[in-house]
Amino acid sequence: MAASFLSNPTTFLPSSSSLTSQKHTLKGNSVCKPVCKLPNYPPHISKRSLSVSVTSLFLLSLTGNANAAILEADDDLELLEKVKQDRKRRIEKQTVLNSSNKDKEYLQDVIYKLSKVGQAIENNDLPSAGSILGQTPDVDWLKKGNAALSQLSSSPEEKAEVDTFNSSLTSLYSSVTKNDIEGSKLAFVDSASAFEKWTTLTGLTGQLKGL
């Protein structure tokens, strides 16, 4: 389409006779009529209306800032309350740990026994490991150790590590009984890792020896 327009430019230009007739017509008219209208200006805005509008915007701004300040204050209070509760739980936990000397003795015995079991397994001496562990997980030292673990566990994370520890010990007993050296090593590592994680969670790491 653009090519056809360019090839015949005379279609966009008026003829000479048309220009001449328009010229005579303009000369014959004594008064020129306006060809455009004045723009419509907006209605007059009073100072009072402008003042009210500015005041309204200012009040809206203050309301928004006030709401934001209230929300921020609520967040601060919630965070402060959480910090207080966490501090209270730590103090209560530390009080329990400081007064549980008998439980810590049982746990220290568990560490000593497992250390001996680990040395025997490292030397591929499963009969010695079995004699230290005992025939079943119902041996006295392990029952007392489990009682201490349960007594000193309060959070879900701590209880989960206790469950992992006991599950790994069951596997350890089974592997030692079957004379499975590789299974015994894996089960021992899992049980020792769970016990160490538990002591870290409870804050007993510095109060127990051999970890």
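Backbone N, Cα and C define each Cβ position, glycine as well.
The region 'Disordered' annotation in TrEMBL covers 1-21.
According to DSSP, the secondary structure content of the domain 'Maintenance of Photosystem II under High light 2 C-terminal' (106-211) in residues is 85 helix, 0 strand, 21 coil. What TrEMBL lists as domain 'Maintenance of Photosystem II under High light 2 C-terminal' is 106-211.
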*To what whole number does the mean pLDDT across the domain 'Maintenance of Photosystem II under High light 2 C-terminal' (106-211) round?*
93
